[in-house]
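Asks: One structure follows; several queries about it will come next.
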Amino acid sequence: MDALDLARWQFGITTVYHFLFVPLTIGLSVVVAALQTAWHRTGRAEYLRATRFFGKLFLINFAMGVVTGIVQEFQFGMNWSAYSTFVGDVFGAPLAMEALLAFFLESTFIGLWIFGWDRLPRRVHLATIWAAAIGSNLSAFFILAANAWMRHPVGFAVDPATGRAYLTDIGAVLTNPQALSTYLHVVSASFVVAGLFVVAVSAYKLLHRDKAPHPDEPGMFRRTLRAGLVTTAIAGAVVALSGDHQAKLMAEYEPMKLAAAEAIWDTEGAAGFSLFAIGDHEIGEVGVGRNIVDVEVPYVLSFLATGSPAGEVEGINDLQQRFAAQFGPGDYTPNIPVLYWSFRLMIGLGLAGVGVGVLGLWLTRRGALPRQRWMYRVAIAALPAALAANIFGWVLTEMGRQPWTVVGQLLTAASVSPGVSLAEVATSLTVFTVLYGVLAVVEVRLLLRYVAAGPGHVMPYPRQGEPEPASIPAFVY
Amino acid sequence: MIVDLPTVWFVAIAVLWTGYFVLEGFDFGVGMLLPVLGRGRAAEADRRVVINAIGPVWDGNEVWLITAVGAMFAAFPAWYAATFSGFYLPVLLVLVALIGRGVAFEYRGKRDDARWRARWDAAIVFGSAVPAFVWGLVFANVVRGVELDADGVVRSGLVDLLNPYALVGGMTTLALFVLHGAVFLALKTDGPVRRRALAAARTAAPVAGAALFAFLMWTQADHGSPATAALAACALGALLAGAALVARGREGWAFAATAVAEAATSAVVFAALFPAVLPSLLDPAFDLTVASAASAPYTLGILSWVGALFLPLVVLYQSWSYWVFRRRVTRAHVS
C-alpha cells in the first residue's frame, strides 16, 4: 500500500458516496417542481401535500449531496496536486463555471424555496424551485464536460516548457461528443433513480394503505406512483438510447475500456456479447490473456459497438501492444474482472429498474392497483437496484480509464500529490469513511422516519368537513 | 498602464475570498454563538431563532468558497495544487467541519428529541469554530510563506504551520467572525436573542480589536507596504467604528462596519502576498507568483468574460434573497 493506492480508494469511496445523493437531487428537484406546478395549475390540495412531502424527502437528501460535493472540489488539490497542476488550465474552467453558473443558482434559490413559502407570491415561489432544479441540472453538465475531457481530451495543447496542458478551444471542451452523450446518459439515469424513489415511497405507502390516516391519502399516492412510473419509463428509454451511443463512443475513443468490459482478448469481427466469462490473466504477463470460459450471444457486441454485426472490435492483447508501441513499455490494461462485471451489473440492474417502471405502468393502468403485496416490494427494491446501476456505471467509466487520469496524456501514478504522505492520506481516508458511514445511517433512518410519518406530518389533514388552511407555512429549520 | 490578465484574476480571487469571509464570516459567528445566545428557559426557541436567522442564506454564502477555490484551480492551477496539498490536514479539518455543519442545519429540527438536537448543535458549534480559526491560520501561513521546493511541492509539516504568526491569524478570524455574527444577529433578530447578541458583540469587540491589531501590525512589520498600511488603518478604523455603533445600538451601521473591517483585513492579506501567491521560505526563487502560477491568457480571457457576465447576476439575486428575508426573526416566526 502506498499513498497512491489510498488516494485512489479515497477518490472512489468519496465519489461513489457523493453520487448516491446526486441523481436524487438532479431528478427529485424537477419532480418536486413539477408537483408544485401541478398544484399551482389546479389548486388541488393533494398536489400541495405531495409537493411538501416529497420536498422534505428531497431536502434531507439534498443536504448530503451538497456537503459531500465540497470534498470533491478540494480533493483534486489535496491528493492529486500533480494532476491539478497539469490539467488546471483546461479542467478548472468548467469547474469554475459550474460554481458560478450552477451552484450559486441552486443554493440561493433552494434557500428562497425552503423559507419563502409565506414570503413570496405563489408564482415567484414556484419559480424558485425551478431555478434550483435548473441549477442542479446545469451543474451536471459542467462536471461531466470536465470528466469527459479526461476520457477524450480535446481543445488543448501541452506547453513543452512547463509540461502543463493549456486550453486552446473552450467550445471543443464543452461540445466534446463524450460530454454531450454522457450528460444525456447520466441525467436520464438520474431521473430513473428519482422516478423509482417516488415509486418506492408511493408503493410503500400503498402497501400499508389500510393504515392511511386520511381516506384521501391512498388516492394521492396512486397519483404519485403513476407519476414516478412515467418518469422512470421515459427516462429509461433515454438511458437505453444514450447508453447505446456511449458504447459506440467507447469503441471509438476508449477501445481498451470496451475490450476490458467485454473481456475480448483478441481483435475480432462479428464479436458476440459475453454473458459470462472466466479470464486467465496473470499479473505482470501483459498482452497474453485469454478466457477459459465464455458464454456469448453472437454478433451483438459488434452491432452495439460499430452498428454492424460484422464490425471489428479491438481486443485487449492487440491494444496493449499498440499502446506499448505508442507510449512506451508498461501495462495499459485496466482491471478486467471489475470492468467486465460492472458493465453487466450496470446494464442488468438498470434494465431491471426500468422494467419495473414499464411493467408498473401496465399494472396500474385505468385506475387499477395490484393486489399482490410482493409486487409492491419489488417496486421498492427497484430503487436500490437503479442506484447500484448508477454506481456500477461510474466504476466502469472511471476504472475503465485506468491507467490514465487523462487518456494518452497523464498516468494515474504520475497524478498523485508528491508532498502528501501515506499517513496523511490514510488519515483522510479513515476520517471520510467513518464520517460518511455514520451520516449514511443517520440519513436513511431520517428518510424512513419521514416516509413513515407521511404527508400528514408535513401538512396536517383538515378535520372532517373543514377546508384546507389558506396560509402555507415556510419550512423552517 | 494596462493591467495584465493574471493580475486581474489575482484580484478576482481576492474578491471571491473576501466575499466568502464577509458572508460566511457571520454564518460562522452565528454558529459559534448558538449555545451562548440560545440558553435559559426558552433555549430551544431561541436557538431556532438564531439558526433561522441565517437559514435562507448560509448555503448560498458557502458557494463563495466553492467559487473562490474553483477560480484558483482554473486561473492558478499551481497555486491551487500547492495550497491544498500543502495544507492537507488543516483543510481536511475544515471539510469535516463544513460537512457536519451543513447537515446539522438541515437535520437538527427534523426530530423532536433533545439528544438529537444537542448532537447537531455540537456539530454546528464545532463546524463553525474550526473553519473560522483554520482559514485565518491557512492565510497567515500563505502570507508568511511555506517550505516550497523547486518543484512547487510544500514540505512544511503540520507543526511548521502552527507558528505564532499563523496562530494569531487564526485567532483574528475567529474573533472577527464572532463579532460579525453577533452584530448580524442583533440586526436580524428581536427579543431576548437580539439583546444577548448586542451584549455578546460588546464583549467580542475588544477581543477582536486586540487580535486584529496584533495581526495587522505583525503583517505590516514583516510583509507590509504603503498599500497594506492604508488597508490596515481602514480595517482597524472600521472595527472601532463598529464597536462604537454596537455600543449605541446602531445595528445596521455596525454590521456594515464589521463587514468593512473583514473585507479590509482580507485585502491586507492579498495585498501583502502580491505579486507572490505562495512564497517559499527556502529560496525566493521557488516562490509561486501571479506570473508563474497563472493559466494561459486564452483561459483567463474566457474566465473573465464568464465572470464579468455572471458574477453581477449572482450578486443581484443573492441581494434579492437578503431583501426577501429582511424581516427580523422572532420566537413567533419559528414556533
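Glycine is no exception: its Cβ is also placed from the backbone N, Cα and C atoms.
As annotated by TrEMBL, transmembrane segment applies to A:20-41, A:53-71, A:91-115, A:127-150, A:183-204, A:225-243, A:338-362, A:374-396, A:416-442.
Would you situate these features in the structure and describe their surroundings?
Replies: Remote same-chain residues near the transmembrane segment (A:20-41) are listed as 47-48, 50-51, 54-55, 57-58, 61-62, 64-65, 68-69, 122-123, 126, 129-130, 132-133, 136-137, 140, 186-187, 189-195, 197-198, 224, 227-228, 231, 235, 387, 390-391 (criterion: CB distance under 8 Å, separation of at least six residues from the stretch ends).
Remote same-chain partners of the transmembrane segment (A:53-71), defined as residues 6 or more beyond its termini with a Cβ less than 8 Å from a stretch Cβ, comprise 14, 17-18, 20-22, 24-25, 28-29, 31-32, 35-36, 107, 110, 114, 197-198, 201, 224, 432, 436, 439, 443, 446-447, 450-451, 454-455, 458-459, 475.
Under 8 Å from some Cβ of the transmembrane segment (A:183-204) lie the Cβ atoms of residues 22-24, 26-28, 30-31, 54, 57, 137, 140-141, 144-145, 221-222, 224-225, 227-236, 238-239, 242-243, 245-246, 350, 353-354, 356-357, 360, 376, 379-380, 382-383, 386-387, 389-390, 393, 451, all in the same chain and six or more residues away from its ends.
Non-local neighbours of the transmembrane segment (A:416-442) in the same chain are 1-4, 6-7, 9-10, 13-14, 17, 64, 68, 71, 78-83; each lies 6+ residues outside the stretch with a CB under 8 Å from one of its CB atoms.
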Asks: Please report, as numbers and ranges, the same-chain residues at least 6 past the borders of the transmembrane segment (A:225-243) whose CB is under 8 Å from any CB of it.
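Replies: For the transmembrane segment (A:225-243), the nonlocal Cβ contacts are 27, 31, 34-35, 181, 184-185, 188-192, 194-199, 202-203, 206, 347, 350, 353-354, 356-358, 360-361, 364.
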Asks: Taking residues 6+ outside the transmembrane segment (A:374-396), which of them lie with a CB under 8 Å of any CB in it?
Replies: 12, 15-16, 19-20, 23, 185-186, 189-190, 192-193, 196-197, 199-200, 203-204, 206-207, 257, 261, 338-339, 342-343, 345-350, 352-354, 356-357, 360, 363
